[in-house]
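A quick write-up on the structure given underneath.
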Amino acid sequence: MGKRSRQRQKTQNTGRDDRDNRDNAGWGAGYADIVKENKLFEHYYQELGLVPEGEFEEFMNVMREPLPATIRITGYKSHAKEILHCLKEKYFKDIQEVEIDGLKIEAPQPLKWYPDEQAWHTNMSRKIIRKSPLLEKFHQFLVSETESGNISRQEAVSMIPPLLLKIESHHKILDMCAAPGSKTAQLIEMLHSDIDVPFPEGFVIANDVDNKRCYLLVHQAKRLNSPCIMVVNHDATCIPTLKIDLDGKKDILFYDRILCDVPCSGDGTMRKNIDVWKKWTTSNSLHLHGLQLRIAVRGVEQLAVGGRMVYSTCSLNPIEDEAVIAALLEKSEGTLELVDGSADLPGLKSMPGVNSWKLMTKEGQWFSDWSEVPVSRQTQIRPTMFPPTDPEKLANFHLERCMRILPHHQNTGGSLWLCW
């Protein structure tokens, strides 16, 4: 029993927001010998056809490039405006027309889809910012403001799920797999975004299975000085139901908003987590699918009627994405609706979710349907990994409403999001 629990904890940490945790590390540190090639990866995604026709070479070329540096201005509105003014008038002007190692540095630009110019990106990698003498003042500013909590060096695609939740000051929010906490910080900030509400009624419960990573959550929350955050340490697949005192009676706590940012294979993070190139195999997704589905089911069980849950991964694999959603919708028997969130973030380029896919083993064997899977493989491959076979049911699921982010479309990492 104890061994199984420890193994589950280890699995839940695999591939997940190491993508966020490594945002504070310099790109490429310690990875000089890793060759950015994985023929199995290329063959798998070419065969699935998830990248539009004629774009696969561009997709792979961008995957091999370092991820651009992106920053998000944190805190509350009045303070955030002061930081933005300082960045635009003092530091961004000095960066224009600079050339480093033959690369012409472009002036930082706001992310088109992030509200109020609170998130910016540049063609500089984190390595260039750290190492170049010409950018020393800018780097020192980023370091000091990050330590004080005014700026978060966060990957662009990592900023999207909290925005899709449409947080209001009275919402009760659960962040199921929260560490290291960059998205949790966004949720807290959104609770406090209305300056006319000095003390929000809502709160964020931030959970993570790893006790040590929970300390990162505490550190993130402490910088924001909010009384509306509680950090808990549980396995997300069986996170306890909480009870509250409502008008003198005990009642079950259901959440208005749930962020379900599950552990994943992380193949959308190859531009940053370069070891994924060497370690990637189709087995990773097959091993994680069951865990992802159990976490998503537990999230839905705690969602209030009329509430919204966002499921997100940093993986491009349908086994971790649309397959989990289809299985969840199947289990819900009509009580869940997959909504289209693309209009909520104008300017964000995304691809629709897919309605068909197939599985490949690490040996290169393909299966298009559960009926094709031999008995010897049925412990590793499960029926929920395949698309629904009923055309009418599949159409009613509206899996096309999932939002797929491809790296070459706007120079980012790769991810998938969807919401109920």
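Placement of Cβ uses the backbone N, Cα and C atoms for every residue, glycine included.
Taken from TrEMBL as is:
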- 1-28: region 'Disordered' (REGION)
- 59-420: domain 'SAM-dependent MTase RsmB/NOP-type' (DOMAIN)
- CYS177, ALA178, ALA179, PRO180, GLY181, SER182, LYS183, ASP208, ASP235, ASP261: S-adenosyl-L-methionine binding site (BINDING)
- CYS314: active site, nucleophile (ACT_SITE)
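Feature map: TrEMBL annotations on the structure.
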{"residue": "CYS177", "record": "S-adenosyl-L-methionine binding site", "Cβ within 10 Å": "27"}
{"residue": "ALA179", "record": "S-adenosyl-L-methionine binding site", "Cβ within 10 Å": "29"}
{"residue": "GLY181", "record": "S-adenosyl-L-methionine binding site", "Cβ within 10 Å": "29"}
{"residue": "LYS183", "record": "S-adenosyl-L-methionine binding site", "Cβ within 10 Å": "27"}
{"residue": "ASP235", "record": "S-adenosyl-L-methionine binding site", "Cβ within 10 Å": "18"}
{"residue": "CYS314", "record": "active site, nucleophile", "Cβ within 10 Å": "30"}
| request: Using C-alpha atoms only, work out the spacing between ALA179 (S-adenosyl-L-methionine binding site) and CYS314 (active site, nucleophile) and round it to an integer in Å. | output: 15
| field | Pairwise Cα distance maximum in Å, S-adenosyl-L-methionine-binding residues per record: CYS177, ALA178, ALA179, PRO180, GLY181, SER182, LYS183, ASP208, ASP235, ASP261 | value | 20
| task | Quick one: of the binding-site residues CYS177, GLY181, ASP235, which has its CA closest to the CA of the residue listed as 'active site, nucleophile'? | result | CYS177
